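Now, the feature entries from TrEMBL:
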DOMAIN    12-326  domain 'Ionotropic glutamate receptor C-terminal'
DOMAIN    22-84  domain 'Ionotropic glutamate receptor L-glutamate and glycine-binding'
BINDING   93, 95, 100, 277  L-glutamate binding site
TRANSMEM  144-165  transmembrane segment
TRANSMEM  186-205  transmembrane segment
TRANSMEM  217-240  transmembrane segment
SITE      255  site 'Crucial to convey clamshell closure to channel opening'
């Protein structure tokens with residue numbers, strides 16, 4: 001590159017780039033209409049021009065894309081301008097891929113980071129009284145609560161039957177004048193269920209079953225109550241604390257990887273058009289990744305600007321979040337969203 005530049009000192013090279021904060025920004029003079037570029041790319045090109053002794057002019061890429069290979073074999077974006085020789089240098093946060101390396105020559109990278117997932121911030125809504133009250137039931141799912149209710153009914157029924165027919169229980173003893181009438185009512189149908197429900201809150205009782213069968217039932221139920229209450233209390237402590245909006249959001253999110261994302265419909269997603277991430281999903285042999293690209297293409301869920309989340313094409317609602325490209329690295333995602 002330096003050899004070619006030294007042989008063409010008088011030639012003004014065309015540098016194609018893309019507006020990406022903080023790499024390249026433009027300022028327009030309202031009086032003259034003159035455009036001035038600033039940013040890391042300008043500083044880098046100034047140092048390179050002084051070192052290699054050449055002049056240059058920056059021109060933003062016409063289609064606003066980084067560069068991807070179309071089905072007809074032609075390239076879009078900055079890569080396409082280099083291949084078609086309408087530009088001499090592409091200076092931008094351009095991801096190095098094997099497909100791009102086959103048609104252009106890359107310099108040493110000035111930043112090495114991985115792709116990131118960008119999701120829209122959840123609404124910071126404060127729940128009303130009813131919503132806060134429902135948090136008491138949040139530690140357990142509805143199926144767990146239903147099974148617990150069934151367990152109370154079943155255990156209370158079994159305990160009542162045992163205490164009714166057992167010859168050594170309070171009812172039979174009262175019939176033989178060995179217990180008082182008050183003791184006789186210890187495990188009637190209503191009191192048996194009250195005993196089971198009270199045990200769930202660790203309440204004590206004056207009398208317990210006398211028979212082996214009744215005590216086995218009660219012991220088993222007490223063991224269940226201990227495990228249930230310990231689990232519920234630990235989970236309730238986490239739910240009742242003051243949670244941030246992201247804590248609430250991630251607690252409700254049922255997606256942990258790309259495979260689960262491709263298999264659901266509640267969260268919509270998109271990607272930067274003409275970027276390395278689009279090429280990755282488009283050329284992937286993994287069925288889940290291929291499905292993600294097909295779905296994005298079907299919904300036209302591409303965005304054309306680098307400010308991810310603010311430049312979606314019509315047809316992409318972006319209710320929950322979207323995919324950032326390889327160029328939207330972690331520092332830029334945090335800068336744009338948080």
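Numbers here mean position along the shown chain, with the first residue as 1.
Glycine too: its Cβ is placed from the backbone N, Cα and C atoms.
Nobody curates TrEMBL annotations by hand; they come from automatic prediction.
Where TrEMBL records a feature, it is marked here on the structure.
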| residue | record | CB count, 10 Å |
| --- | --- | --- |
| 93 | L-glutamate binding site | 22 |
| 95 | L-glutamate binding site | 21 |
| 100 | L-glutamate binding site | 24 |
| 277 | L-glutamate binding site | 23 |
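For the domain 'Ionotropic glutamate receptor L-glutamate and glycine-binding' (22-84), the mean pLDDT of the prediction comes to 90.
Away from its own ends, the transmembrane segment (144-165) comes close to residues 137, 171, 186-189, 192-193, 195-197, 200, 209, 211, 213-214, 217-218, 220-221, 224, 228 of its chain (Cβ-Cβ under 8 Å, at least six residues beyond either end).
Classification of residue 95 (L-glutamate binding site) by DSSP places it in coil, neither helical nor stranded. DSSP places the residues of the domain 'Ionotropic glutamate receptor L-glutamate and glycine-binding' (22-84) in helix, strand and coil in these numbers: 20 helix, 17 strand, 26 coil. Under the DSSP three-state reduction, residue 277 (L-glutamate binding site) is assigned to helix.
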